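Below is one structure; the comments refer to it alone.
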Amino acid sequence: MDKYQRVKVLGKGSFGSAILIKRKTDGLLFVVKEVGMMRMSKKERDEARHECTVLQQLQHPNIVRYVEQFENNNNLYIVMEYCDGGDLAEKVKQSRGPMKESSMLYYFSQICLAMEYLHARHILHRDIKTMNVFLMKNGAVKLGDFGISTVLRTTMGMANTVCGTPYYFSPELCRNRPYNNKSDIWALGVLLYECATGGRHPFDGTSMNQLMQRIVQGHYVPLSSQYSSDFRKMVDWCLQKDPAKRPSIKQTLALPLMRSSLEQLEENLMLATQCRVRLKDIIDFESAMDQEERKGNSPQPSPKPSPHVVAKDGVSPGQAAALAMAHHRISRHRNSRRSRQCHPQDAAARRRWWGQSRLLLSSEAPLRVHGKTTAFTTSTVPT
């Protein structure tokens, strides 16, 4: 822990503590999970280290990144990416009621992409719940803590027992049958149900036995008709008592409802990528202009943006104006061989324009997508 500075404790659980830390070299924030190893045998320690090594090899934009692990004072420290937007459980509480279908699909589609990546590598999550779905302020959704439960089962000698949150237990787990990929699908159905009901679970009970009985029976209150038929059918499909009747993660992603959500994500990603490419052109152009100013050649006034720019391809009028000006200036610069030098007042005007353009095209600037103003990110959250 020498290269990190402790910021604050984020939470404590049966595994130990989750601590927010800051790397001293660059000030970047991470989260470290502190797991006690005092009671572990050498074999258990080796298995825990191997599990962490496997987790570090997973690279997916919708999975919390594992940075490193190390040991100190009989503790295992697992350093992970810090998600600065909280978790889905907090988002459900903040909604103070059922969430919008578009918002749930936005989160769920990214969760499913993470699950597809894991299942393709024969990795099970085993502890899917809203508290393990983490959010970024830029709009990204990341699935996390799936490795922690596996490490804990190894470190605590729980290889033959179930792990996870009881409300998310599947019927097969309640019957002491092996956990499989369809158990993860069941947990996804419970997660969706929780979001759609403002925090209620499809199965509840005053005791563990009663809860498990109700899960095995599979009876729950249907979702409100405010949600589309396709959405309700998807939840029901995930909550089938028979694992064989539940969809695989690929079948879930292939549903028309999910394809539409994924297409929206892809569209926003392409738009963001295009604007960032244009932003790079602007940066390159401004660098060239600065170099020419230092050469001391003839002055050239800065152009003004056209007042008749309209919204196009999901870009707001302000962004379109900035991009139009950028393209005009880049084209003029490339077509002209003459060197230019700005008067002091023109240079100041250009610097002001550059600052405004950069703000408009930054990842936090407002963006008009399908008539709604949202954060301009690679993934745009529906409002």
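Every residue gets a Cβ built from N, Cα and C, even glycine.
Because TrEMBL annotations are produced automatically, they should be read as predictions rather than curated entries.
Annotation source TrEMBL lists domain 'Protein kinase' at 4-258.
What TrEMBL records for LYS33 is ATP binding site. If you draw a 10 Å sphere around the CB of LYS33 (ATP binding site), it holds 25 other CB atoms from the protein chains shown.
If you look up TrEMBL, you'll see 290-314 marked as region 'Disordered'.
Note on the domain 'Protein kinase' (4-258): its mean pLDDT in the predicted model is 86.
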